[in-house]
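Student: First, the structure itself, so that you have it in front of you.
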Amino acid sequence: SFIGEESVAAGEGSILTDNPTWIIDPIDGTTNFVHRFPFVAVSIGFVVNKKIEFGIVYSCIEDKMYTARKGKGAFCNGQKLQVSGQQDITKSLLVTELGSNRDPETIKIILSNMERLLSIPIHG
């Protein structure tokens, strides 16, 4: 099976089943792309029994290929990636995405979540 982000965004229905399924977003960062902001990627995932098996993200502008496979780790251009060893949240950098849904109820939830995040004494 195939699930494409652009078709789902256009309102077409899509159901994830247990069948092997490719999930593809050919322009991940569409808003960035439209505004010529250089953070755009091609994102591909492969799912079996509703569980991700592997994913690939190609950051076009940076010419970086990110890959990850269940139980095998993540890589950038073939080099293994590791999470930060930082355990003190006050020295951490928080990055978030607000999404594109402007429904009033969704906005309330997003702002509530942001308020909780901003009350954490993070580094930035």
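Just so you know, glycine gets a Cβ as well, placed from its N, Cα and C.
Curation plays no part in TrEMBL annotations; they are all automatic predictions.
In case it's useful when we look at the structure, here is the feature table from TrEMBL:
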- Glu5, Asp25, Ile27, Asp28: Mg(2+) binding site (BINDING)
Student: Where's the emptiest Cβ shell within 10 Å among the binding-site residues Glu5, Asp25, Asp28?
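Tutor: Among the binding-site residues Glu5, Asp25, Asp28, the sparsest Cβ neighbourhood within 10 Å belongs to Glu5.
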Student: Please report the number of other Cβ atoms within 10 Å of the Cβ of Ile27 (Mg(2+) binding site).
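Tutor: If we count other Cβ atoms within 10 Å of Ile27 (Mg(2+) binding site), we arrive at 16.
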